[in-house]
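In what follows, a single structure is set out as structure tokens and then discussed.
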Amino acid sequence: MNKLALYCRPGFEKEVAAEITDQASHLGVFGFARVQDNSGYVIFECYQPDEADRLARDIPFNRLIFARQMMVISDLLEDLDPADRISPIVAAFEELSQQVNFAQSSELFVETADTNEAKELSTFCRKFTVPLRQALKKQGWLSAKASQKCGQFLHCFFVKPNCCYVGYSYVDNHSSHFMGIPRLKFPADAPSRSTLKLEEAILTFIPRKEENKRLNENMIGVDLGACPGGWTYQLVKRGLFVYAVDHGKMAASLHDTGCIEHCAEDGFKFQPPKRKKVDWLVCDMVEQPSRISLLIGKWLLNGWCRETIFNLKLPMKKRYQEVILCLENLAVMLAEQNLNFDIQAKHLYHDREEITVHIALKP
């Protein structure tokens, strides 16, 4: 077991490769990434056996920026017989089970990469899931409760109709979503599709059990670059009063809520009203990532907000390096002022050439 598979948005394979190589080296694990442009996944092969399992346990998945899923995989199963794909797949799982106890497994995902070519296999994968699940259950696997906080999900990752990897991810260190993609429904009354970015960010960064405590009707938010109101919509939906900062017009439906004040100002110059305690800052402005980082840092250092979610638009080249530089600069700014904070970043499904960052100041 010396291989990891990591899913990603097509076109971001090199960023995933750089990130997993860095994260592995921090743990003293070395290997190389197999990258195929626009494939939607990366294979990281460790030089030593069993180290992939260690990485799947010890690299905090929620600290990976560009990966949608992380799992330990077998060697590629090739030339599967269309008349019986199940037998060699079960045999490959049996080989993996020599090192990992699949009695604690609870779910099976038969998946493809998130590309147009791979999606042509989606109907097959859906139909194949039922007989494969039955075969794996006969082995005594997939019987654990889905709500448990330990154990594994089993994965069968098809790259071609008769070629797949089999593997597993750890329940306490993976994405629980099929293909690593949350399925969100666009609200009919939302002003723009960008609303899904902030909804996914909230679901990603804030535990469900804490959401009502951290986003509620007793709080005030600021949305920089708010027009037409996709991000403001998510805050208003959760009860916040929002200062929507943008020279452009806001959706009439948001004005009708009575929960926003439209401030026709430059987002870089706006300051929160005096004697108003702002809890949340959100920002989705099209600007250089270094400039947005400085703006967010200013708000946090001045005590103008306690928690923030914002987007960093990525350059055409050296995207991973730019992200790390921006995050490190922000961390240094806050640490120099002795602020305690938690920072996370993710290339969300609803992001494109951008990442979403969450920072929360702690007491």
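Placed from the backbone N, Cα and C atoms, the Cβ positions cover glycine too.
In the three-state DSSP classification, Lys313 (active site, proton acceptor) falls within a strand. In the shown protein chains, 18 other C-beta atoms lie within 10 A of the C-beta of Lys313 (active site, proton acceptor). Marked as active site, proton acceptor by Swiss-Prot: Lys313.
Taken from Swiss-Prot, the feature S-adenosyl-L-methionine binding site covers Ser194, Cys227, Pro228, Gly229, Gly230, Asp246, Asp266, Asp284. A sphere of 10 angstroms centred on the C-beta of Gly230 (S-adenosyl-L-methionine binding site) encloses 23 other C-beta atoms.
Maximum C-alpha to C-alpha distance over the listed S-adenosyl-L-methionine-binding residues Ser194, Cys227, Pro228, Gly229, Gly230, Asp246, Asp266, Asp284 is 20 Å.
In the three-state DSSP scheme, Gly230 (S-adenosyl-L-methionine binding site) is classed as helix.
Proximity note: of the listed binding-site residues (Cys227, Gly229, Gly230, Asp246, Asp266, Asp284), Asp284 have a CA within 10 Å of the CA of Lys313 (active site, proton acceptor), given in sequence order. Burial estimate for the binding-site residues (Pro228, Gly229): highest at Gly229, by number of other CB atoms within 10 Å. Look at Asp266 (S-adenosyl-L-methionine binding site): DSSP puts it in coil. Cβ neighbour count for Ser194 (S-adenosyl-L-methionine binding site) (all protein chains, 10 Å cutoff from its Cβ): 18.
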